[in-house]
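To start, the structure itself, in structure tokens.
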Amino acid sequence: MGKALVIVESPAKAKTINKYLGNDYVVKSSVGHIRDLPTSGSAAKKSADSTSTKTAKKPKKDERGALVNRMGVDPWHNWDAHYEVLPGKEKVVSELKQLAEKADHIYLATDLDREGEAIAWHLREVIGGDDARYSRVVFNEITKNAIRQAFEQPGELNINRVNAQQARRFMDRVVGYMVSPLLWKKIARGLSAGRVQSVAVRLVVEREREIKAFVPEEFWEIDANTTTPSGEALPLQVTHQNDKPFRPVNREQTLAAVSLLEKARYSVLEREDKPTSSKPGAPFITSTLQQAASTRLGFGVKKTMMMAQRLYEAGYITYMRTDSTNLSQDAVNMVRGYIGDNFGKKYLPDNPNQYASKENSQEAHEAIRPSDVAVMAESLKDMEADAQKLYQLIWRQFVACQMTPAQYDSTTLTVGAGEFRLKARGRILRFDGWTKVMPALRKGDEDRTLPAVNKGDALTLLELTPAQHFTKPPARFSEASLVKELEKRGIGRPSTYASIISTIQDRGYVRVENRRFYAEKMGEIVTDRLEENFRELMNYDFTAQMEDSLDQVANHQAEWKAVLDNFFSDFTQQLDKAEKDPEEGGMRPNQMVLTSIDCPTCGRKMGIRTASTGVFLGCSGYALSPKERCKTTINLVPENEVLNVLEGDDAETNALRAKRRCQKCGTAMDSYLIDPKRKLHVCGNNPTCDGYEIEEGEFRIKGYDGPIVECEKCGSEMHLKMGRFGKYMACTNDECKNTRKILRNGEVAPPKEDPVPLPELPCEKSDAYFVLRDGAAGIFLAANTFPKSRETRAPLVEELYRFRDRLPEKLRYLADAPQQDPEGNKTVVRFSRKTKQQYVAAEKDGKATGWSAFFVDGKWVEGKK
């Protein structure tokens, strides 16, 4: 009797499962997806050829055939799709096919969500053979008991879940491949659109505009420091005057109130003591885990999911992509037993705590919890420190969710002082309950003990403290709060939140500073154009309804191609209209806002323009015929780039108060330095609003306030300058001409090594040869004829070793790195933007194999990126 083949999607998961299955099973990993829609038109040639005979007659259909060729899916012919094995996965597929031929049975044990179901389906399609040879096994946790139960009751592939995944993939593909070229034509090259990503960007853009439109309003508060008859301190806050809420709006009103309060007699009018309680929160689902990890651990969404994935694959937690707060009966019994044994009966409620899930959540799934509550974070020796921290957070929430409420004694004191009322609130913890395992992040203002005073007691005034405040604009989204907003609006699902957050940052429409989202100007323009021409696509409710439709497909309540057809019919109508000229209702172009600034080259007026790289001044003569065209541009240095990153609770308010307001629409203006003599203030609603102002004066280019920088080449001082591409440091020695960049964080970039010519390494695309250069993202090879030839690539370690003697001393360690991985694949030098360090990675056919090595403590160490 032969062995059974078990296929999972990750090596770590395979290793864990292998511990629980006997010698009758061979467990192998597909290392994620093995095939997908093509990444280029050439890879989908077969699909295009299948329709070429029908589409060759008319030019428009020729274009359609080319589009289908690029997309790999044909929405005009029953959504016919052409899948291809992903580059670099040929060896994996070949090995799986060989093992499948020898196996008696094949178990597809990929993850239990739609993505996992789709991977299982692709595996079956590629490996082939009789469907009866395949079984689908799913489990919520990788434990011995869960694995045993799954293999005792194997099922079949759920094709409805596969179709739901395909429908999402096809819709996203169509929007990306059909709207993006329109944006290139109408607005700027290199732009992209996405069915869900564009809606997520809209959330950030709308919040940005709410902030810019917000006008901070002044208000004051008065605190009173008093003492009781026994001499105890009692701080109070003025809350009412003549039975109306006290909220003075200027210094005069405040000082008038202070004058009255200084003369008043203070006595206790009322003391209210009452018991209060605080119930524990539900066990984590994907979105709440991401939010808690952000708040308590400072983790980004991507990092949280990466750590959770590793914990799941190692068998320590249940599946991490879930929207259900449901707990299995076994899990409830396990944690209640643990609470009773370790904390006592006081901490154990009579009945298990129940938590409601969202209406469309997958009740068959569980919340995220430890597989074994007896396993403590410190015992996870095989896990990295951050994974242990996340496990502890999950463990604490799981245990806390089945504990009794925390009990408090809450007190409110009301004090009279003439026509004023003052209040103080306090709260004493009487029984810690669930907070014993999940303590609060920080104590609130009310978590204090108030002195023992009674109604009628006289108080002595020590000091009055008036304080000026300003109302705050809406808070910027963090990664976690944006996920919360997406979830609230029904946009995306647990399996897609992390990719949505990553994608909108990668596309350049938003940026993250100090863990908060800022909309880029190009993001605002693209959002406006998409809202004007693709109202349904950008509509929050429509996007949520589409998620519901995909849920219906997964639950066999809707036919997937019918859902796709309905979507595509409406979408193409909007696309056809958007393609027209603006006068006919088509998408508006990216127009400049004309200014009074003269072009230094031709004298025509300059206009405010927006590109994917930012805002700049461009000559209005650029629109003329090639013979008369003027291509002059003036770089603008954004003031938000030359200031420190906003920090503190009042930073956003203070920044808004410092900005000018547009005279046309009242929106806060963005400020840019044109040169040391001129500053340009542009309406925050530009280009929709054409308001701008030019301020003249003496402007010091901010951006570097550090110590004196010495030129590494000649020893002279370096001074701050501003050029076409922004701020930089320049050597004061005219003969030296050395420069160094100013980084976004305001620091001076480290010195770069001089280029190293390597005539022995010819370029592939020209007659040039490569030069080894040192850039902001590490070393790279570039053509010696740059910019005529822009060919670049990463250097092979074996090439660095070959020319080691020519390398500067500080780069020679890279030449000593491993030249091959254990399988003989050559290594190249790469740069980690996260650690700001260079490392080496093995590649095959231009794709990373997953093997890498890092330079640690003076030696090269094999590891994971």
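Each position is counted from 1, following the chain as shown.
Note: Cβ is positioned from N, Cα and C throughout, glycine not excepted.
Per Swiss-Prot, domain 'Toprim' is recorded for 3-142. What Swiss-Prot records for His33, Arg168, Arg169, Asp172, Tyr177, Trp184, Arg321, Arg507 is site 'Interaction with DNA', and it gives sequence analysis as the kind of evidence. What Swiss-Prot records for 37-65 is region 'Disordered'. As annotated by Swiss-Prot, compositional bias 'Low complexity' applies to 39-54. If you look up Swiss-Prot, you'll see 158-575 marked as domain 'Topo IA-type catalytic'. Feature annotation from Swiss-Prot assigns region 'Interaction with DNA' to 192-197; the stated evidence is sequence analysis. What Swiss-Prot records for Tyr319 is active site, O-(5'-phospho-DNA)-tyrosine intermediate, and it gives sequence analysis as the kind of evidence. Here Swiss-Prot flags 599-630, 662-689, 711-736 as zinc finger.
This view paints the features noted in Swiss-Prot onto the structure.
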residue: His33; record: site 'Interaction with DNA'; DSSP (3 states): coil
residue: Arg168; record: site 'Interaction with DNA'; DSSP (3 states): helix
residue: Tyr177; record: site 'Interaction with DNA'; DSSP (3 states): helix
residue: Trp184; record: site 'Interaction with DNA'; DSSP (3 states): helix
residue: Tyr319; record: active site, O-(5'-phospho-DNA)-tyrosine intermediate; DSSP (3 states): coil
residue: Arg507; record: site 'Interaction with DNA'; DSSP (3 states): coil
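A straight line from the CA of Arg168 (site 'Interaction with DNA') to the CA of His33 (site 'Interaction with DNA') spans 16 Å. Sequence-distant neighbours of Arg321 (site 'Interaction with DNA'): residues of the same chain at least 6 apart with a C-beta under 8 Å from its C-beta are Asp111, Asp113, Thr286, Pro494, Ser495. Here Asp172 (site 'Interaction with DNA') is compared against the recorded sites His33, Trp184, Arg507, and the shortest C-alpha distance is to Arg507. Ranked by Cβ neighbours within 10 A across all protein chains shown, the recorded positions Tyr177, Trp184, Tyr319 are led by Tyr319.
Averaged across the zinc finger (711-736), pLDDT in this predicted model comes to 79. In this structure the alpha carbons, written CA, of Arg169 (site 'Interaction with DNA') and Tyr177 (site 'Interaction with DNA') are 12 Å apart.
Nearest in space to Tyr319 (active site, O-(5'-phospho-DNA)-tyrosine intermediate), taking C-alpha to C-alpha distance over the recorded sites His33, Tyr177, Trp184, is His33. Taking the Cα of Trp184 (site 'Interaction with DNA') as the reference point, the closest of the recorded sites His33, Tyr177, Arg507 is Tyr177. Ranking the recorded sites Arg168, Arg507 by how many other Cβ atoms lie within 10 angstroms of each Cβ puts Arg507 at the bottom.
Over all protein chains present, the Cβ of Asp172 (site 'Interaction with DNA') has 15 other Cβ atoms lying within 10 Å. Residues within less than 8 Å, Cβ to Cβ, of His33 (site 'Interaction with DNA') and separated from it by at least 6 positions along the same chain comprise Glu9, Leu86, Ile119, His122.
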